[in-house]
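Features reported for this protein in Swiss-Prot:
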{"type": "MOD_RES", "residues": "A2", "note": "N-acetylalanine"}
{"type": "MOD_RES", "residues": "T124", "note": "phosphothreonine"}
{"type": "MOD_RES", "residues": "T126", "note": "phosphothreonine"}
Amino acid sequence: MAELQQLRVQEAVESMVKSLERENIRKMQGLMFRCSASCCEDSQASMKQVHQCIERCHVPLAQAQALVTSELEKFQDRLARCTMHCNDKAKDSIDAGSKELQVKQQLDSCVTKCVDDHMHLIPTMTKKMKEALLSIGK
């Protein structure tokens with residue numbers, strides 16, 4: 001049961017990341033490469049100046065990648081805390097003498113609720129990241 005829930009979240013997050021990559025990150029990569037190429041075309045610039053120019057071109061993409069990584073880590077941490085709470089409740093129930101089957105059902109139900117709650121956060125998280133990526137790209 002938990003594996004099925006994990007797969008649900010994984011597929012939703014992968015879909016979100018693909019969408020961000022296709023609609024936002026890819027455009028930023030194109031800008032970065034074109035910007036870097038123009039740095040190399042300046043025949044009057046020193047090697048150091050060209051290097052600094054290229055570094056400046058990479059900044060927005062690096063910021064975008066850091067933003068996406070940070071948001072995904074926060075999401076993953078929240079989901080992990082929720083499922084850890086479910087595990088703690090299950091352990092407490094076993095310690096209190098509850099039947100194993102009953103505890104397993106409670107655990108599955110709790111984990112499913114965690115996943116459902118976090119699946120609802122994905123559209124808002126996606127919107128927030130897209131807005132942030134657009135502001136980085138400006």
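Just so it is clear, glycine is given a Cβ too, placed from its N, Cα and C backbone atoms.
Feature map: Swiss-Prot annotations on the structure.
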residue : record           : Cβ within 10 Å
A2      : N-acetylalanine  : 13
T124    : phosphothreonine : 9
T126    : phosphothreonine : 18
* Asked: DSSP three-state call for T124 (phosphothreonine): helix, strand or coil?
  -> helix
* What is the separation, in Å, between the Cα atoms of the residue listed as 'N-acetylalanine' and T124 (phosphothreonine)? -> 24
